[in-house]
Each structure stands twice: as C-alpha cells, then as structure tokens.
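Asker: Not my notes, these are from Swiss-Prot:
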type	residues	note
BINDING	Asp8, Asp9, Ser39, Asn91	divalent metal cation binding site
Amino acid sequence: MRILLSNDDGYFAPGLNILAQHLAKVADIVVVAPERDRSGASNSLTLDRPLSVHRANNGFYYVNGTPTDCVHLAVTGLLDELPDMVISGINDGANMGDDTIYSGTVAAATEGFLLGVPSFAVSMSRHGVQHFETAAKFMVSLVKRYQKDRFPPPVLLNINVPDVPFDQIKGTEVTRLGKRHKAEPVIKSTTPRGQTVYWIGAAGSAQDAGDGTDFHAVSQNRISITPLQIDLTQYSQREQVKNWLAL
C-alpha cells in the first residue's frame, strides 16, 4: 500500500514527522506538504503563479503552496503512481465542528477525496500537543484494518484524537460535527511605527457539544471519527426558497 501524507502545519511539523515514522513500518509513504505553516488555508488553490517543489534531506517533498495544492499536485502530476490513501495530519490542534470549514488539514484530505482517493484527516484535540504518538498509533491500526478489509469508496473521514497517552484512550466513536459559538472579535493593535493592525480572533467555544458530537467524544477520551461529504446543499430549505422567490 502507498500512502500520501500531507498537512497544513508544514513539512517540518512534529505531528507529520511522527506520523510518517509510524506509518513507514506498515506501508510505503510519500510526503508532500507545504513549505511553511498554512493553517486555516481551507480548500484554496494557488492559481496566480507556478508552484515549486523541493526535497528535504529526509526525503519529504515541500511545496510553496497550500495543503490543497500539495495533494492536487501529488495526485495529478508529481507522483509516478497514484496513492492508495491520503492522510493529512497529525494536526497540532482540533478540527471539530465549524473548524472543518477553515482547516487546511481537512482540506488536504478533501482534495484527495475529490480526486478519487480514500482520504483521512487526523488532528489532536488541542494545541500544544504532548501525545502525537497516540494518534500515530491509532492511524497505524486504522491502516492495518483498511489493508485487511477495505472500506467501500468514497471515503472521507475526519478524525480527532484526545491529547492523552494511548493507554488512556477509551475507544472510538463515530460522530457528527458539533458547532462552535461565533469567533471572538478581531484584536486591534498598533505597531511601534504607529500603524494599526488586526489579528483574527480566537475560535469560539463549543456550543453544540452533546452526545454524538465530535466535541463530546474527545471530552470523554474517545477518538472521534466523523464521515464527511462535499455536498453543501441545504435540502430542507429548497421549497422555502422557491416559495420566497415566487412572491
């Protein structure tokens, strides 16, 4: 099995390197990741300039583009063989609920999915991670399971892992996305030269975090696994919109 690894934290990120070390024991891996931190890049593609690809001393490819660029480039032109799987991560911080809209980690997996490759995004439940090994060990077990019994395509799974030692994990749970409160306001400040600048505010706290959500699962030290889809259609409102337009 050949696995394409990517992320949004950059090719040098500890989570990606630990994941690569573990998965190399059970599969052939190739890493194509951004040259710098591209957290929050979502599904953006670079269309206004060419992309450059370089190879680090450890064999990882790094690209001056977004996470989506990396996977798109790898699958459609860079690699001699198509990967059997795309794994994005391990992200330093959660990608739960509304996070999935902004996440470059999830976006990299989504691009693999759109290109017909079974894809997985894996993130830790908080920033400042201490236990990347926990997620890496779980992903090894998931890959082994997939090698033995392949899940029918299409596959796009968003995985969030509690930041605890592996022996404290209380199993897995198939979940739905929760929801956060709206983000904190932007932070306004002034540079030493008197220029006004703004920082994007922090993500909101969990709002919908009840039973069955990704937020609830990780709070109970369970690994959250949420199947995702691309279709954003709000089916329940189609008739309502038709009636509104007919007025």
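The backbone N, Cα and C atoms fix where each Cβ goes, and this holds for glycine too.
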Asker: Tell me whether Asn91 (divalent metal cation binding site) sits in a helix, a strand or coil according to DSSP.
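Answerer: The three-state answer is strand.
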Asker: Determine the minimum-neighbour residue: among Asp8, Asp9, listed as binding-site residues, which Cβ has the fewest other Cβ atoms within 10 angstroms?
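Answerer: Checked Asp8, Asp9; of these binding-site residues, fewest Cβ neighbours within 10 Å: Asp9.
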Asker: For the binding-site residues listed here, Ser39, Asn91, which shows the highest count of neighbouring CB atoms within 10 A?
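Answerer: For the binding-site residues Ser39, Asn91, the Cβ with the most other Cβ atoms within 10 Å is Asn91.
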Asker: Which chain neighbours of the divalent metal cation site, leaving out Asp8, Asp9, Ser39, Asn91, have a Cβ atom within 8 Å of the mean position of the site's Cβ atoms?
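Answerer: For the divalent metal cation site the neighbour list reads Asn7, Gly10, Ala13, Asp37, Arg38, Pro67, Asp92, Gly93, Ser103, Gly104, Thr105.
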